[in-house]
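Colleague: Below are the features listed in TrEMBL for this protein:
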type: DOMAIN; residues: B:21-259; note: domain 'MacB-like periplasmic core'
type: TRANSMEM; residues: B:21-45; note: transmembrane segment
type: TRANSMEM; residues: B:284-310; note: transmembrane segment
type: DOMAIN; residues: B:288-411; note: domain 'ABC3 transporter permease C-terminal'
type: TRANSMEM; residues: B:331-355; note: transmembrane segment
type: TRANSMEM; residues: B:381-401; note: transmembrane segment
Amino acid sequence: MEENNKVIETIGLSKYFYDPIKFQVIKEVDLSINHGEFVAIEGKSGSGKSTLLYLLSTMDTDYEGQLFIHNELVTGQGDAQLAKIRNEKIGFVFQFHYLLLEYNVLKNVMLPGLKFGKYSEKELEQRAMDHLKTLGMDTHALKMPNQLSGGEKQRVAIARALINDPLIIMGDEPTGNLDKKNGDLVFDIFKKLAKEFNQTILVVTHDIDFAKRTDRIITMEDGRIIS
Amino acid sequence: MNFKLILNIAFHLLKARLKQTIVAAVGVTFGIAMFITLISFMGGLNEMLDGLMLNRTPHILLYNEVKPSENQPLSLSEEYKNHTKFIHSIKPKDRGKSVYNSQSIIKVLKQDKRIIDVAPKVTASVLFNSGTIEISGFVNGIDMLAEDKLFKISDYITEGKIADLAQNNSVIIGIGLANKMLLSKGDIIKITTSNGDLTPLKIVGISEIGIAEIDNVMSYTSLATAQKILGQPKSYITDIQVNLYDKESAVELAKEFRKEFNIDTIDYQTANAQFETGSTVRSIISYSVGIVLLIVAGFGIYNILNMMIYEKMDSIAILKATGFSGSDVKWIFISLSIIIGLTGGIFGLLFGFIFSNIIDVIPFETTSLPTVKTYPIVYNIIYYIIGIVFAFCTTIIAGLFPALKASKVDPVEIIRGK
Ligand SMILES: Nc1ncnc2c1ncn2[C@@H]1O[C@H](COP(=O)(O)OP(=O)(O)OP(=O)(O)O)[C@@H](O)[C@H]1O
Ligand SMILES: [Mg+2]
């Protein structure tokens, strides 16, 4: 039973960059994250936090070692399967709220759901509205992304990350680009998701205050996890 | 793969770059419109020139050629069978120009389902006399109904009627002949045949083919009159002209008739080989111009898609991060180019049709083709199908490389690069 509780597990994860010289960014990282945990990865600038997150997200496939998501080995899987895993099991929130400028807020939230195809368009619209309401963004549903403030965009990105009921939400400095007030707001949302919905969350940050308020802090230094 | 979603994304990307999209599509429209217009016009010209030829040339002509016997007596000899033989001073035997057994051949041909009609003809070179002038020329004894059916000869009769030839000893003469001899309808012209017989004929009409060489020497009369002035029986026929429902089969059928009736045959293609060359050259020109225009349009599409990929790197990265595979992204961009190509192409067909219509009403008069009043245009659905297939292919090829590039965009690089 304990085995099934792991959302993400890595064994001996290593990554090298070759340009301009060969150098190891991630060094033999063994890590596991359990269901329902709210985890922060913290560490100095350049310690490899973002790089590690991209590896865990399956977007970066150039690494050594093994990566399991939901106890399934994803290392070595093809582009299409990895895309499917990202679509169904992982929700992303980036520092720079990447929304599709061509679509309105509601459609942005719905898009990964449309790709998944589990719910009908009607149901998805309902679910998207529910998530937007939870995040206090329902009144902005029909706006275009460029009509929103940074904090609002980030909340839309969180709603989008939630649309397929992901196993885990990952964020690379999701509050890094926001002022204190908006950053706190976003943090509170994460906290609430973790507490009320038992949502697994993994966030990279170098905001120590932010990190301290999570359940578990992973500290990185020089490509290694030191605690 | 969810094509509805992919198309939806493609449309939204296009909407965001509407102006450039329209410019790219207009390139395709222009190429296709020019192609359709050119090919329809060239097709019209080809058909007109073919008509010019086919109006006078039967699909197959059966006749008796004056030539030496292919099997000389020596070749029957057993003794010299394996020798190389040289025979000098062979002269053809005069079997006459008459088609042997013409009546039964005509009967058989008339029953052939592949044949539209058969027009028997008697041609003879004669001398036309009027007063002191003597001009050499030809008289064609024709079966009026059949000749009109096959060659629309009445289109070229400028005075009188073809049916008037049914009167005994009547003739229709070429306009050149009439002008030279100062003759007009109702006058009498005397005709001397090669064996010296002189027959006066009444002119009941004037013909104008529009080609001076023909109008200066040609005359028409009925089969019976021609046979009479030549002093020949009713079975005397020199040419049997045949038109087919499927003129492309002329070559084969000519061969078949040659064997079956043991007679000389010639199909219209062989008789007019130079016309075919002209048609082919015109077709090649229109196709090459069309293809060149489309290649230019293709580069336009390639450019806009490439530009779009650079602009939409963020969007591509997001799509990939949220679960769209490389192949999904590739199809989004291929759909983009197909949308541009198809809309551009369909408008191209429309404009091509409109331009063709405009050309079709521009006046164009020529005496050699009295039925042609405007520039010729052919409306052929095949041209339009080729046009849209062209548009489709060029845009797919133009879109393929940018699409492959887009599918390989590494989202990590984009997200990290901010
Ligand atoms: N594409 C690349 N090629 C070569 N080296 C790279 C590349 N990307 C990152 N690095 C290096 O890898 C190391 C780790 O980078 P990473 O972005 O993971 O750091 P980080 O911990 O996220 O830092 P920050 O807190 O500043 O975001 C850095 O030393 C960086 O210079
Ligand atoms: Mg970082």
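Backbone N, Cα and C define each Cβ position, glycine as well.
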Colleague: With the transmembrane segment (B:284-310) as the reference, find which of B:21-45, B:331-355, B:381-401 contributes the most Cβ pairs under 8 Å.
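Modeller: That would be B:21-45.
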Colleague: Apart from its near flanks, which chain residues at least 6 from the ends of the transmembrane segment (B:331-355) lie with a Cβ under 8 angstroms of it?
Modeller: 1, 3, 6-7, 9-11, 13-14, 21, 24-37, 40, 297, 301, 304-305, 308-309, 319, 324, 379, 384, 387-388, 390-392, 394-396, 398-400, 402-403, 406-407
Colleague: Summarise the model's confidence over the domain 'ABC3 transporter permease C-terminal' (B:288-411) as a mean pLDDT value.
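Modeller: Mean pLDDT across the domain 'ABC3 transporter permease C-terminal' (B:288-411) comes out at 88.
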Colleague: Helix, strand, coil residue numbers for the domain 'ABC3 transporter permease C-terminal' (B:288-411) per DSSP?
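Modeller: Reading the DSSP string over the domain 'ABC3 transporter permease C-terminal' (B:288-411) gives 96 helix, 2 strand, 26 coil.
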